[in-house]
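Listed features, source TrEMBL:
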TRANSMEM  74-97  transmembrane segment
TRANSMEM  103-122  transmembrane segment
TRANSMEM  142-160  transmembrane segment
TRANSMEM  166-184  transmembrane segment
TRANSMEM  298-318  transmembrane segment
TRANSMEM  324-343  transmembrane segment
TRANSMEM  364-381  transmembrane segment
TRANSMEM  387-409  transmembrane segment
TRANSMEM  421-443  transmembrane segment
TRANSMEM  455-476  transmembrane segment
């Protein structure tokens, strides 16, 4: 993962130098348009993953095969719908991309390649949900990351050495998407040899596993909210500003996604474990595990968001140049979104494990708040206004509603307990941040002067903040103390 992250930063600089801001912005916009069409997935993968916890725990291979077969039926239908939807959207490309100076075929080619890569998962690798539900996410990460690293190396060489660099970039995208799909498909067949075709028809499977469709109906709106949060902003940025600004924002998203990927790699396999925990129905143990999971995610969220705010500007300056640095207020807004998206993972895991998808109004509200504020504030204040839509919607829905929903409908506890928990951690983290930033000012090193000074300054800042925050949380909170003690026991 570290290799991929470092390679991602280096390749981004190469691609900016040889392809330009507008092409990279076009790529980001094409991906986000595709994600809009991809809403047709409807949350089927999440619903199937929820339905697999119990049969995997019971080693009920017949039921597992039925659920996977049903998923295959649904995904093939969705793939056909996506092709039709993509063709319809492409008919409007001359209008959508009328502002760009690039040839229009660039937009068609970019979108077509992204569509092809996405369709591969619907036809061939949809069974990877079994790896996630079996706490084997590492296999997905290993196979995809290995081929992604190789692909990026070839793409860098191609754009730097060959004529028509963007054409070669797209060709390599297709080739390695196929290779990664074949590798993962073979691994799934080897890991789950009992998977086989079923004799039941689609309608029979639909009747037998009706709960999946109930969850899908509830998850549709959550998918819409997810799109509004993660994919709508670049589209609104392009509409108000330009593809170049999309690229500048995308540079920061690379850092954000790298941080989130690191967190996913650390915590990615815990969802299935929580599913097993819920199945045991031990309330006291469930509450203890929740506080422990919340504490460590809050810790990482604080470290990540504060370091992002302080260290990203000098990093961007050294990486691709001062002209790509965003204003401080914009960086703070992005950091706020990052903070909530990391610590919310504890809430989401328990909500999914309990199967609590019935609050269909909340994702609708989140999407409406996000898009409405982004459009209105974007008109008034540009990029910071657009991004504030995501932050405000997250505060209202994830910061307030989701904890209330989990505590009342899942954990069966007074929501005031969560409020007390969150405020305690927030006050302690705020104190640790103030102490750290005050001490950091006495370090006579300019992190933007050179890579060596940046590494020294950033290392000192991360160590200082981590030490102060972890010490504070260890002696004042039960959840973080449980986590640290667990780590100590594992090393014995």
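Each residue, glycine too, has its Cβ placed from N, Cα and C.
Note: TrEMBL annotation is automatic and uncurated.
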Leading contact stretch, 103-122, 142-160, 298-318, 387-409, 421-443 vs the transmembrane segment (455-476) - CB distance under 8 Å: 421-443
Contact call for the transmembrane segment (364-381) against the transmembrane segment (387-409), three or more Cβ pairs under 8 Å: yes
Chain residues in Cβ proximity to the transmembrane segment (298-318) (below 8 Å; excluding those fewer than six residues from its ends, i.e. six or more beyond): 251-252, 255-256, 259, 263, 266, 324-326, 328, 331-332, 334-336, 338-340, 342-343, 346, 425, 429, 432-433, 436-437, 440, 446-448, 450-451, 454, 457-458, 461-462, 465-466, 469-470, 473, 480
